[in-house]
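Novice: Below is one structure. I have some questions about it.
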Amino acid sequence: MAENTELENPQVIDWNAFTDFRDGLVDTAPKIENLLAELKQTPQDLSRITLLFRLFHNIKGDAGLCRLPFVIPLVHGVETLLGRMRTGELPFSDLLAEVILLTLDRLEQTIELLSENESAAALALPALALGLEGIAAQPLENIDSSAIRLIENVTGFRPGLSVLPQRNASLAVRNIAERHEDLNFFHQLALQLEARSPLFQGRTARNLELALETNKEAGSRVDPAQLEAAVYLHDLGMMFLPESSWLQVEQLSLEAREKLKLHPQWGAGLAARMVGWQEAAIMVMQHHEKPNGSGYPNQLSHHEIVDGAKILAIIDAFDAILLKHSHRGQQRSMLRAIAEINASDRQFAAEWIAPFNRVIRNMLENK
């Protein structure tokens, strides 16, 4: 383990290297959050556990290169836990997800404080590192009690036992008023994006109607409230990118395209941190994945993509085609847009194209 002084009072040795590490963590943290949200839905998914392990391993490697020794014992403890999960020795649980998120949060807070030349002494990093080392060595029957003790020692709060079986309370048990407030908040965020361009006017309502009707046409296989939240949040991350990246239809540079691929992580990260919206977070994170595995950010294959994300992919592409026609001075044509979607059917889940077509047909006939 790093010397206690390094954990009690972390220091920056090389500011250029520190900046590189901080920028890398900004990209990596949302990926970790969303993988954890996905694992809460599919806790036995070894591919996601392996990806999570690699992300933390990369953080540790970057910390060594950037001369930030205090990072290494924190990440090493998480690595050890994930390594045991990869072998099947230790099951993924919501409580261990809380431990991993706490570690990530403290790491981000430390980096933020150091960037402002402030002390990170109040973050209890020695207690966190010691607790992680302790959990990693515990037999299975002692894992939960050790995790609870770690969280209490670091934060001062003891997590309730309800964290063990079902940390992320579902919408079904949440107060209806709270659910409505959350959706209203998400809606207001979507309208802020819509206000960025006259071409976006009505986009949110149009996309919501298409998504909900497509879902209904297929037998409401997706929770409508989760889908509604995902519609509102799926492009929220665009607001953190230069407008030139998403308000133009001309060919983007390679660098601009790579930055554009970051946008699902921010909307998904917001949803993942709010109680009861983990399903929406996964939909947002995956809405640019493609059935053939060529999408982003995780190159998932057809069976790994949730239905809500498959719906969003079609709706998002349909809207982009309408926007492209408007940019070219042409009248928005629903008929032309649906024809283009069907001509590109390999980009989308075939089982959702048919219900989407029926929704569009009904709209055209009822005009």
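Any Cβ shown, glycine's included, is placed from N, Cα and C.
According to TrEMBL, the protein has these features:
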- 17-117: domain 'HPt' (DOMAIN)
- His57: phosphohistidine (MOD_RES)
- 178-367: domain 'HD-GYP' (DOMAIN)
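Where in this structure would I find these features, and how exposed are they?
Specialist: The helix, strand and coil residue counts that DSSP assigns across the domain 'HPt' (17-117) are 83 helix, 0 strand, 18 coil.
For His57 (phosphohistidine), the number of other Cβ atoms no farther than 10 Å from its own Cβ, over all displayed protein chains, is 16.
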Novice: Suppose you look only at the domain 'HD-GYP' (178-367); what would the mean pLDDT be?
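Specialist: Mean pLDDT, the domain 'HD-GYP' (178-367): 85.
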